[in-house]
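Below you'll find the structure, written out as structure tokens, and then a few comments.
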Amino acid sequence: MPQDPMDFEWSYWIEWGRERILWLLAGHLLVSQVSRLLVEKYKPWCLMVYGMAACWLLLGIKGFAVILLHATISFAVAQFQLSLLTWLCSLILLSTLRIPAVEEAKRKWYDTENEYYLLLFTVSVRCLFCTSFSLEYCCHGPAQKSSHSFLWMLAYVFYYPTFHNGPLINFDEFSKQMRRQEAFSLKTNLSILIVGILRIFFWWCLAELMIHLMYIHALYSSAPPLEAASYWALGGLALAQVLFFYVKYLVLYGVPALLLQMDGLKPPALPCCVSLMHSFTKMWRLVKSLITLLICHFTYRYIYVPMGGSQSSLLGTLFSTALTFAFVSYWHGGQSYLWYWGAFNCLGVIVENGVKRILSISVIQDLI
């Protein structure tokens, strides 16, 4: 039975995975385990060199140069230790991805659109990693600067399991865990790998069943079936779509999370099943939502909390929330529908928080 071709993200990453990325991830695993077994002290640099080589192989010398240039500029700006300047630099670098002349020039580097999109996705994610390093650099004193060298930045930026699509692990966590030298057991790691592969294979089979049998995205792309469906049917379609989204990210983030674990790092928690979520605010705050594990983790740590978040005044909380969703919309591309999406999500969080504050008033509680 033919599959539903309308989910671009799933088809795109599965195709790249089968062609090259899974093989490169297997190569990373081999380098990682050998370096942990023989040269634990030099493991970060072995993985850095491998990540650079993999980047060069997939994106070519020009793609590699773009990512290296972004990292160099971000590191240079971080030397001023001004968070606002770091953010300005990050937004400017991100905006260069949307300049038509630059886009056209980059397209000419590759034979196919898929190769160009791989560069676009990779650079977008690398922008978050460069920003994470720079902001962590700004927060630390002179005594800690040695652990935030340019070499460590390259080891972080070119760490291959998270290279193309995340998930995000902030620099301080990455550096601390990568420096930690612990007892290495090949037998234990092998059992973790086998169990992890079995789990990911189950999730992949489930996702393939859904995309071959349910045709959720094809239905959404055609107006007549939606117009003819009842409200209950539309609700069922919406639930089916977000459940597929959840299963899809169990696979897309499950693979790098397994490799992080094999490298001795603690991976970010995988998405929580959307059927178990009952709070819109909690879905974002716990960074386990179906929306995007990568960008939620980043915005919560580097935008929402530094701007005051829920601990500030009412206006401060509203501003923190709006700024967070504005960045999410801009990072995803900044198209008009993304601004609408961000505005409605922001409104949902504000309304829920507003209702909670009203219900917490003693008079209201007495009435209840």
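The backbone N, Cα and C atoms fix where each Cβ goes, glycine too.
All TrEMBL annotations are machine predictions without curation.
These features come from TrEMBL:
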TRANSMEM  20-39  transmembrane segment
TRANSMEM  46-69  transmembrane segment
TRANSMEM  75-95  transmembrane segment
TRANSMEM  116-135  transmembrane segment
TRANSMEM  150-169  transmembrane segment
TRANSMEM  190-211  transmembrane segment
TRANSMEM  231-252  transmembrane segment
TRANSMEM  286-304  transmembrane segment
TRANSMEM  310-331  transmembrane segment
Cβ contacts under 8 Å made by the transmembrane segment (75-95) with residues that lie 6+ beyond its boundaries: 124, 127, 130-131, 133-135, 137-138, 150, 153, 306, 330-331
Tertiary contacts of the transmembrane segment (20-39) (same chain, 6+ residues out, Cβ under 8 Å): 13, 46-47, 50-51, 54, 57-58, 160-161, 164, 184, 186, 189, 193, 255-256, 259, 262-264
